[in-house]
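Marked as domain 'MrpA C-terminal/MbhD' by TrEMBL: 13-78. Annotation comment: TrEMBL describes 190-284 as domain 'Na+/H+ antiporter MnhB subunit-related protein'. Per TrEMBL, the feature transmembrane segment maps to 6-24, 29-47, 59-78, 90-114, 151-168, 189-212, 218-238, 250-277, 283-305.
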Amino acid sequence: MTALDVVDLGLALLVLAIAGWTIAAREAFAAIVGYVAYGLLLSIVWARLFAVDVAMTEAAIGGGVTGVLLISAAARLRQAQMAEDERPALPLRLMAAALSALVTIALAAVILSLPDPGPSLAPQAARNLAATGVGNPITAVLISFRSFDTLLEKVVLLLAIIGVWSLAPDRYWGGAPIAPRAERPVGALTFLAQLLAPIGIVVGVHMVWVGADEPGGAFQGGSILAAMWMIVMMARLSEAPPVGAPWLRAALVAGPAVFLIVGASGAVTAGAFFALPQGFSKPLILLIEAFMTLSIAVTLPMLVAGPPRRAPL
């Protein structure tokens, strides 16, 4: 057994331990911390499996944005939270354990019954990679080979922000949300936001630019940009914008709109809906990713900020 085998085994055991601890946690905040740690560990697992793009997405979403959303939800539901000494009845706990075990066994049976090697379209994607003009097969699959699915994923984000805004009382509609933030200015957090935000912006833009040929892309870069904006708002260096601001709404729909326009134009220029004309594939992919990055970088922080809670000015 090599040193890497020991590391992989320890990582697998640690993932299982963190998952069990998260399930057994009795406090919402403790469970959320466990969930964030679990997401970060999974990103390391994906990196060990040489799926760098998946690892970056897991770290940004599973360990980052989702954790902030859960912490925000737990803070808003604090008054309704179960008391520490209150536990569900034994029959309910046994039923939950039995259901969880049943789901685990079913998933394990499905995975173990898969053929080896499993069915894959990877060879076909690799053979047609040159036609897209990009060197990153993940980008080619997301923006070219299964572009309609990717568009729908971004539309779901747009629908999610509309759903969050719809929770606002009528008197606050068009106003600004109050993002989760420190109750008073904290020197360390302020310094971190001032130091990290400029670096994060450069890293995020770089990941988008190199995503055409190297690991990265719109979702990873947009998530980093979103995280920088969230840190700035949490440090009280910036307020969340009013949901009625024209520039905000334009940024939210820019990505899906440009994606749809390019896809629809493919029916004329390339003979099929969402097809990219030969020789212009890479520039169009970069154009789509640029606007998708903008939408992602704006959508995720506004999801965290929540519905409007201040009347419009």
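The backbone N, Cα and C atoms fix where each Cβ goes, and this holds for glycine too.
Just so it is clear, the model here is predicted, and its values are computed rather than measured.
Using the rule of three or more Cβ pairs under 8 Å, pairs at least 6 apart in sequence, the transmembrane segment (283-305) is not in contact with the transmembrane segment (90-114). Across the domain 'Na+/H+ antiporter MnhB subunit-related protein' (190-284), DSSP classifies residues as 66 helix, 0 strand, 29 coil. A mean pLDDT of 83 is what the model gives for the domain 'MrpA C-terminal/MbhD' (13-78). With a cut-off of 8 Å between Cβ atoms, the residues of this chain six or more beyond the transmembrane segment (6-24) that come close are 31, 34-35, 37-38, 41-42, 44-45, 48, 100. Here the transmembrane segment (250-277) does not lie next to the transmembrane segment (29-47) in space: the count of CB pairs under 8 Å, restricted to residues six or more apart, is fewer than 3. Proximity of distant same-chain residues to the transmembrane segment (29-47), defined by a Cβ-Cβ separation under 8 Å and at least 6 residues beyond the stretch ends, is recorded for 11-12, 14-15, 18-19, 21-23, 54-56, 58-59, 61-64, 66-67, 70-71, 74.
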